[in-house]
Amino acid sequence: MAGHLASDFAFSPPPGGGDGSAGLEPGWVDPRTWLSFQGPPGGPGIGPGSEVLGISPCPPAYEFCGGMAYCGPQVGLGLVPQVGVETLQPEGQAGARVESNSEGTSSEPCADRPNAVKLEKVEPTPEESQDMKALQKELEQFAKLLKQKRITLGYTQADVGLTLGVLFGKVFSQTTICRFEALQLSLKNMCKLRPLLEKWVEEADNNENLQEICKSETLVQARKRKRTSIENRVRWSLETMFLKCPKPSLQQITHIANQLGLEKDVVRVWFCNRRQKGKRSSIEYSQREEYEATGTPFPGGAVSFPLPPGPHFGTPGYGSPHFTTLYSVPFPEGEAFPSVPVTALGSPMHSN
């Protein structure tokens, strides 16, 4: 800002001619005086700027919240080039205003606010750190004991998880047992799982039938429900019955199952799936009708053109040539191109 103003005044001749020694008039300030007033923040000017303008020098820098703050232009000078010397205040009044402005801020370093919140990292006490190390060492020793006991008795990690489900009603996966033995679980989860595994170790030592229970549970878990396959003849019969009665009662389901030689659950599930399929089909059909009612994105309509010979991806039309559907842009009446028969389309002819 100062450099811009100085450059503007550098090309304006001082009133009265000469080099400006004739004096200053209202509305104009000597650029040399203006430049002398602009010094380093908080420091003295290059020349007699403050003395010439009749103001007290800028007070020194003061500390503010751990940093250095400097005073800016004081005593409400505004744009100095637009203010004449006659309108400047005396030195006493200017100094008083500077003092009044500086009284609002303390020259001492600012103290901490009483309501200031300090975020400090909470470090555990030596006792807590010792307890944590002792707990981690105990978990490490128990994990080694569990792995040794499991291998000695011939249990797999999956067997341990299934046995916990038989004993306590909650099955744990093989991955969980593996991570516990490898100390890869969080400390919270390790502490939750440790009592259950301790009871498993006791049961494994005292109960000889635990291995048989584990094997039976493994067979139950391994038994998967096979996918039911229905013959085409039976499927057509079910489809015919569905058209007559989409939602049969329990007695009707039992009668249909006995008639077709199927289980009642199979018939019930088939009718339920068939109703859901019908709902999806009706929704798709309604969406298709709405799409056709609103019209295609291209107003010209669909036109089929034969594709050139060669391999094409798609389903052939039972020996008929492949066609592709294109949308033509409608032309105004009287401006359409004459129709060209399909047989006339072929390779371009070159004239000599």
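Numbers run from 1 along the shown chain.
Just so you know, glycine gets a Cβ as well, placed from its N, Cα and C.
Here the structure is a predicted model, which means the values were calculated and not measured.
According to Swiss-Prot, the region 'Disordered' annotation covers 1-48 (among others).
Taken from Swiss-Prot, the feature region 'Disordered' applies to 91-115 (among others).
Annotation comment: Swiss-Prot describes 99-108 as compositional bias 'Polar residues'.
What Swiss-Prot records for S106 (among others) is phosphoserine.
The annotation SUMO cross-link is assigned in Swiss-Prot to K118.
For the domain 'POU-specific' (131-205), residue counts in helix, strand and coil come to 62 helix, 0 strand, 13 coil, using DSSP. Taken from Swiss-Prot, the feature domain 'POU-specific' applies to 131-205.
If you look up Swiss-Prot, you'll see R150, Q157 marked as DNA binding site, on the strength of experimental evidence. The C-beta environment of R150 (DNA binding site), restricted to residues of the same chain at least 6 apart in sequence and closer than 8 Å, consists of T156, Q157, V160.
Feature annotation from Swiss-Prot assigns region 'DNA-binding' to 173-179 (among others); the stated evidence is experimental evidence. Counting same-chain residues at least six beyond the ends of the region 'DNA-binding' (173-179), those with a Cβ under 8 angstroms from any Cβ of the stretch are 156-158, 160-161, 185, 193.
The region 'DNA-binding' feature in Swiss-Prot is assigned to 186-189 (among others).
Per Swiss-Prot, DNA-binding region is recorded for 223-282, and the stated evidence type is experimental evidence.
Non-local neighbourhood of S229 (phosphoserine): empty, since no residue in the same chain at least six residues away has a C-beta under 8 Å from its C-beta. The phosphoserine annotation in Swiss-Prot covers S229 (among others) and is backed by similarity to another entry.
If you look up Swiss-Prot, you'll see S282 (among others) marked as phosphoserine, on the strength of similarity to another entry. In the three-state DSSP reading, S282 (phosphoserine) counts as helix. For S282 (phosphoserine), no same-chain residue lying six or more positions away in sequence has a CB closer than 8 A to its CB.
According to Swiss-Prot, the phosphoserine annotation covers S347 (among others), on the basis of experimental evidence.
Residue environment of Q157 (DNA binding site) contains 20 other Cβ atoms, counted within 10 Å of its Cβ in all protein chains.
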